[in-house]
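Reviewing the structure listed below.
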Amino acid sequence: MGSVGQFFLISAVRNLRRHSVRSGLAVLGIVIGVLAIGALGILGANLITLFSGLVADVSDTVVVTPHLAAASGDPFDPRSALATGISEADYNRIARAAGANTAIPLIQTAEMMKKGSEGGFVPVIVLPREDMPLLLTVAAGGWPGGSGILLGSNLAEEFEVRAGARVTIGDEEVRIAGVLEERGLAIDINPDYAVVVTEDWYFDRHGEEAYDRVVIKVGDLDDIPAVKAAVKEQMNRRKEVVDVMDSREILELYYQTYDAISIFLLGIGGVALLVAGVSILNVMIISVTQRTHEIGIMRSLGALRREILLMFLYEALILGIAGSLLGGALSAGAGLVITASVAESIFAGYGTIPEGIGAEGVRAILIGMGFGTATSLLSGVYPAWKAAHLDPIEALHYE
């Protein structure tokens, strides 16, 4: 940069300092936009990392659930939320379609659990006694018999109980037959923070109920498409009664949902940057108007249009860089704080919350800073062009 360029750069900095409040408000808009994009990008990247690390390997699993619109045939009908479960007869049909593969029916509900003065509603998973070893591993104690129950590892840790202890489920005191080995989140069941009871125990106390889902454990992974097709053919001949998905499809659904939410949240950051851009445009137009006489003097002393243009672009660029740097720095801290808060709510008791910023998080910050700087620079183009094309004679007479 030559001496002339340095002069106009210094002039740009001096003018921004002269109107520090106005400049600060313009920078604040860029900060908010970059902060939103960077922090939300870090949140999304860290949650995906956490989720991916928690998901157990259940690639041999096909899950059959009641079709949401089975009650009325209309997915937008409020009655769809009350779609009936899978009956015993339907389960038998699914089991036949699964062939040699094991089909495991289960119910998921909730009960009040108490230990001394501590208590609260906890998830309850109902499974046939003989199928429990196919989905679960006991870390301490043994399999339940009679009125015994199994307790997830995280739940046992929270209530500070072990195998052999007694707790109250509903209004009945029961013995903990075993504590389960930590399994992680999965598409079939999530027992780490749950009570697991036998089907006989549950039906004796609540009567027989329809199943919430059927989990099919497929012996050969290559058979998964055929098993899914057989179940659909058996159950959905006349209308959709069940939904049949494997682990890959369910994970893709999770990731698609995440992508949609991420785009929406990044859109919020984009709107903030758009507002900031309008603010900078307004600031720059006011600056050009206030400095019309000064521009006329510069032009009469030999300043070129290009140099006037650059001086005002420098101002816009400085605002953008300052806001982007500050917003990027703040987004790093804010992203980690928001991640910890959201992860604690969604994944409470599961896994370790990421404490750093990975490559995707850094990428989100850089994208936010890039957009912030570009928005500011683009917002300064028209005012800079207007300043550069002022008539020197008219500018000198401007009051």
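Note: Cβ is positioned from N, Cα and C throughout, glycine not excepted.
TrEMBL has this to say about the protein:
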- 23-233: domain 'MacB-like periplasmic core' (DOMAIN)
- 24-51: transmembrane segment (TRANSMEM)
- 263-288: transmembrane segment (TRANSMEM)
- 268-392: domain 'ABC3 transporter permease C-terminal' (DOMAIN)
- 308-326: transmembrane segment (TRANSMEM)
- 332-353: transmembrane segment (TRANSMEM)
- 365-385: transmembrane segment (TRANSMEM)
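When pLDDT is averaged over the domain 'ABC3 transporter permease C-terminal' (268-392), the result is 82. Among 24-51, 308-326, 365-385, 24-51 has the largest number of CB pairs under 8 A with the transmembrane segment (263-288). Below 8 angstroms of C-beta separation, residues 30, 33-38, 41-42, 269-270, 273-274, 276-278, 280-281, 284-285, 287-288, 308-313, 315-317, 319-321, 323-325, 327-328, 331-332, 357 of the same chain, each at least six residues beyond the ends of the transmembrane segment (365-385), sit close to that stretch.
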